[in-house]
Amino acid sequence: MAYNNSVRKRKKDIQDANGFHRDQTIDKKSRATNKLEESLPTFKVFIVLFFIRLLNSLTIKTFFQADEYYQCLEPAYNFVFGSGYITWEWEEGIRSSIHPLIYALGYKMVSYVHFDDKPIILIPKVIGALIASIGEVYLYKFSKKFTKNEKLARLTLILSLLSPFNWYIITRSFSNSFEMVLTTIAFTYWPWDNVISYKDISMSCIIAFISCIVRPTNGIIWLYLGINFMIKNYKLEKQSGKLMKLILILSIELILILLVNTGLDYIFYGKTTFPLYNFVEFNVIRNLSIFYGVAPWHFYLFQGVPIILMTYLPWLLHSAIVLKKYKSLLGQVAILMIGGFSLIDHKEIRFIYPLQPIFMLMVAYSIHETKHKFQRLYKFLVPVIIILNLIIAIFFTQVHERGVIDIVQYLRNNPDIESFGFLTPCHSTPWQSHINNPNLVNKSWFLTCEPPLHLTTTSLKEIKSYRDESDQFYDNPAQFLSEHFQSFADSRNTGASNWPSRLIIFEPLENFMDDFLRGSNYFECERFFNSYFHWDDRRKGDIIVYCQI
């Protein structure tokens with residue numbers, strides 16, 4: 001009997017022990033689950049994101065598009081130092097000053113200190129990293145608010161960080177990148193549940209109004225969301241009074257923002273001008289935007305969206321089609337914006353970049369819904385996708401089109417250069433915002449591409465018949481050079497020359513220039529790798545520098 005009691009006691013002890021360990025395991029899982037459901041601390045997230053995006057920004061060695069410099073850094077540099085290159089857009093006043101003024105503030109800070117060239121190059125990168133990291137903090141907040149799911153919010157943030165297109169463009173000084181960040185912030189405060197909250201809606205619309213001033217086409221998003229919100233609340237009883245109050249508040253906000261913006265534009269331009277009206281007149285009334293290229297209606301479907309998404313594209317398609325997220329309000333916004341931009345003749349990939357927060361969230365939805373069903377496949381796919389994204393990001397930020405940045409560093413760091421000229425398509429490189437040498441302002445030039453501003457209305461036929469300076473050169477390089485420069489014989493006889501000490505070309509012109517310069521005092525002195533391929537045949541291959549003896 002004593003033996004049986006002893007056995008029972010031992011069994012009970014074992015059961016108690018097993019139960020304790022089991023409860024411990026449950027407690028651990030419960031704590032882990034609770035921890036995963038807790039929101040991440042905003043400041044810590046921002047600090048981590050800022051250092052990631054600062055690394056991103058500081059390591060970019062390549063060129064993407066000219067607007068990164070000529071629609072932001074050059075006018076900002078000119079505002080502070082007086083020698084940035086001002087394109088026709090700023091002469092005509094079709095751009096808001098808000099975006100370049102942010103960078104001008106950075107330039108102004110470093111102007112108070114005696115410095116070398118490095119801070120001038122670095123300060124825009126720091127500002128770009130700051131803007132990007134704020135945007136991704138709000139991407140996390142927006143995803144959490146919209147889905148009410150912490151795991152989805154974190155996944156959306158991770159996808160954004162691992163996106164090769166984001167790594168390529170998000171920290172650059174494009175107004176589209178700034179627009180995307182503003183859109184994400186405004187999304188965060190938007191009442192997706194259609195509940196009237198004066199505080200949140202006011203904050204959302206303040207950011208949305210600024211975004212539309214920076215990029216007027218962003219209004220497509222906010223007109224649709226606003227109309228949708230009004231209709232749904234109008235149908236509810238006893239909401240008309242609240243709606244009228246909301247409309248009054250937002251009207252006052254808009255008027256105040258427009259007044260402040262007009263003041264900023266006056267300070268920046270030195271005169272009273274209305275960029276929003278000028279933008280509409282240039283792009284809509286006169287339709288001069290087609291001067292910069294016309295793309296087919298399906299450009300965004302088959303080029304824009306796939307390039308922005310890259311390796312994430314299958315998950316976006318799954319989310320939109322299989323999970324039917326195209327029916328959601330965010331899906332409707334994306335469809336409307338892509339459809340609206342598809343109707344505009346002039347198209348560029350970055351024009352739909354403000355849809356990136358929607359794309360990232362839809363991709364996260366797809367992964368969240370399929371990861372358990374295809375668990376074994378994901379164990380293989382995840383590292384493959386990460387590696388592919390890294391390869392793409394490294395190639396486009398370190399290799400593709402790095403020569404046009406290297407040549408500017410060469411010009412900046414070589415004190416023996418007295419003058420230089422670019423026989424290349426217009427705006428192929430940054431200018432004074434990177435060269436930072438006021439002594440060379442009047443001794444340097446590139447071929448320009450001013451649009452036909454003299455035309456009051458424009459047809460595609462008229463645009464094709466118009467030849468800007470770059471076109472004139474590439475139509476007949478020999479004739480252009482003969483008309484604009486002294487012959488080498490005349491230069492030797494008179495002892496004077498309007499030829500620069502450095503001539504820079506892209507590789508496709510190499511054979512012509514070698515023949516044209518034969519017998520002159522020029523020789524090839526430097527060559528920089530630029531690209532293996534390029535959408536513009538004139539920009540393929542290396543950058544070549546001819547030095548004058």
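Just so it is clear, glycine is given a Cβ too, placed from its N, Cα and C backbone atoms.
Swiss-Prot assigns F146 and K371 to the same side of the membrane. Swiss-Prot lists transmembrane segment for one of the ranges 155-175, 176-196, namely 155-175. A Cα-Cα distance of 33 Å separates N442 (N-linked glycosylation site) from N287 (N-linked glycosylation site). Between the transmembrane segment (40-60) and the transmembrane segment (329-349) there are fewer than 3 Cβ pairs closer than 8 Å, counting only residues 6 or more apart in sequence, so the two stretches are not in contact.
At the 8 Å Cβ cutoff, the transmembrane segment (329-349) and the transmembrane segment (206-226) share at least 3 close pairs (sequence separation 6 or more) and count as touching. For the topological domain 'Cytoplasmic' (227-246), the number of residues in each DSSP class (helix H, G, I; strand E, B; coil) is 15 helix, 0 strand, 5 coil. Every protein chain considered, the tally of other Cβ atoms within 10 Å of the Cβ of N442 (N-linked glycosylation site) stands at 9. Taking every listed stretch (120-140, 155-175, 247-267, 290-310, 380-400) in turn, the largest tally of C-beta pairs under 8 A with the transmembrane segment (351-367) is reached by 155-175.
Of the candidate ranges 120-140, 155-175, 247-267, 290-310, 155-175 contributes the most Cβ pairs within a distance under 8 Å of the transmembrane segment (380-400).
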